[in-house]
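The next block holds one structure in the form of structure tokens; read it before the comments.
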Amino acid sequence: MSLRPDLAAIADLIPQNARILDVGCGDGALLEHLSETKNVDGRGLELSQQKVNASVARGLPVIQGDADTDLGEYPSQVFDIVILSLTIQATRNPKAVLSEMLRIGRRTIVSLPNFGHWRIRLGLLATGRMPRNKTLDNEWYDTPNIHLCTIADFVDLAATCGAEIEQAFALTPAGRTKAMSPRSWGPNLLAEGAIFLLRGVR
Amino acid sequence: MSDPIFLRPLTAPDADRGEAVEFGPDKALALDCGRTLTNWRLAYKTYGKLNAARSNAILICHALTGDQFVASAHPVTGKPGWWETMVGPGKPVDTDRFFVIGSNVLGGCMGSSGPASTDPATGKPYGLDFPLITIRDMVRAQTFLIDHLGIDRLMCVMGGSMGGMQALQWTVSHPERVVAAMPIACAARHSAQNIAFHEVGRQAIMADPEWHGGAYYEHGTQPSKGLAVARMAAHITYLSEPALQRKFGRNLQNAGGISFAFAPDFQVESYLHHQGSAFVDRFDANSYLYITRATDYFDIAADYGGVLAEAFRGCKTRFCLISFTSDWLYPTFENKRIAHALNAAAANVSFVEIESDRGHDAFLLNEPQMFATVRGFITAAAASEGVAG
């Protein structure tokens, strides 16, 4: 099974034998891939009980839980890397979630859909309606994505949370990733999504 | 090793009785209450084969009124093993791969030392002279059995309800001896409601004149009515309201309508009566008192300054916790509390809540999601230990 492109890019950032927590791990595809290829000691947290059950049945250590409420129970700095892939926009309090992740892990990886992409900007301008595309494919009133942001917005949030951006990558429409300078205007207009490797600064 | 002695006659003289180990003064069992058992026995039944590396053993701990006959016929009732859907060749706990040990608990009445056993000091049944026991004592007794079987580390310890409590206690008392643990439908402590229901059962037994202060063995009788009432009350807590409603509703026993009397009119009444009387035929009333007391005393956090996570500090065991949505005896939040504590201790933990409307007893029933979870978890744990498949 081939990994979703953003997950493959995240996997490339994970060192061998790392201790990782995948927040919102879905069906456990990334965890399984990292266990097989990087021998990680991986754990998952997932809101959907069905997905949790499926992951555990495949032998992955996953618990049912909510990033918004349950990260507080983890001790500080116990994981090498905490991952939040395409999930931050669905949390109730992205700032609190990011802060908790920076506390729990020595490094944090966040990937997000970029609401600043030109198609979305143009879509809103042209149609006057909430933009939809293949990653954000819900009506505005029933979308789980309640906190969408642009790359520039996230860069600001990272600074507010006292996080240093160590690496940043743009996700291109072709499913490729490209190193980017997070504060330049180009990626915020052209990238469909982004991946950040962050370190909490204390 | 010896043949276990049961209180009740066997279904057939050649019924499989399993085994029992007798421990003498050199294997004295020091109990939490401060007393020591110097001549005691533990009954068990094994399935499958222990591999050469002695690394494929799975200990199954039974619930309140369960026993060691996990996957084979009960020698007294003749009924199938209580977890035959879970344990056996090709089953989620695969006896073609694993050496499965069903252990009767200390205080039980299926061949292990308990209040009905003979007190070596007097030559008479212990009755209430048997020391009060705890879940930790049960686990302590099991370590002697595991030593006796020549097993250093258990691949997995698992069980539901009180069996889950024993599995948890194993990981707290002997974390280095447990590779993986699967506590199902349980809690890290007994709640006020749990204790309250147990007290109703105990009072029913002790209010029965045939109880004779626990010395009924010498009177050639037993508090059957009290024990049956205890079982009836407890049985309600094992089911869910929707399951009871679906199964019985207000259905009547007789087509003729209600009787305007107190004989069972409703089907749910005769069902409970049946549960009560069948139980009396296989269980000892004093054992019921002792074992319910042991679960009431269970509170892992209490030994660690009230902080459950402290109990699991540094624990390397892989955990998989399972709860059921309609279990109100050991509800999901109690199981989740354990998962949170394990997280806080940075332990390796999975937690699955299974959708079922069959209440606490769901863990004994055909729940495909539970089977898939158990199979996946055990397979992964075995692979991590290099246990050949």
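The backbone N, Cα and C atoms fix where each Cβ goes, glycine too.
Please treat TrEMBL annotations as automatic predictions, because they have not gone through curation.
As the structure is a computational prediction, the values presented were derived from the model and not from experiment.
Taken from TrEMBL as is:
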DOMAIN    B:56-366  domain 'AB hydrolase-1'
ACT_SITE  B:SER161  active site, nucleophile
BINDING   B:ARG231, B:ASP361  substrate binding site
ACT_SITE  B:ASP327  active site
ACT_SITE  B:HIS360  active site
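Between the C-alpha atoms of B:ASP361 (substrate binding site) and B:ASP327 (active site), the distance comes to 8 Å. Looking only at Cα atoms, the residue listed as 'active site, nucleophile' sits nearest to B:HIS360 among the recorded positions B:ARG231, B:ASP327, B:HIS360. When each of the recorded positions B:ASP327, B:ASP361 is scored by how many other Cβ atoms sit within 10 Å of its Cβ, B:ASP361 comes out lowest.
On the 0 to 100 pLDDT scale, the model's mean across the domain 'AB hydrolase-1' (B:56-366) is 96.
The Cβ neighbour count for B:ARG231 (substrate binding site), using a 10 Å radius and every protein chain shown, is 22. In this structure, the CA atom of B:HIS360 (active site) is 15 Å away from the CA atom of B:ARG231 (substrate binding site).
In the shown protein chains, 27 other C-beta atoms lie within 10 A of the C-beta of B:SER161 (active site, nucleophile). B:ASP327 (active site) and B:ARG231 (substrate binding site) have their C-alpha atoms 18 Å apart, to the nearest angstrom. For B:HIS360 (active site), other Cβ atoms within 10 Å of its Cβ number 23.
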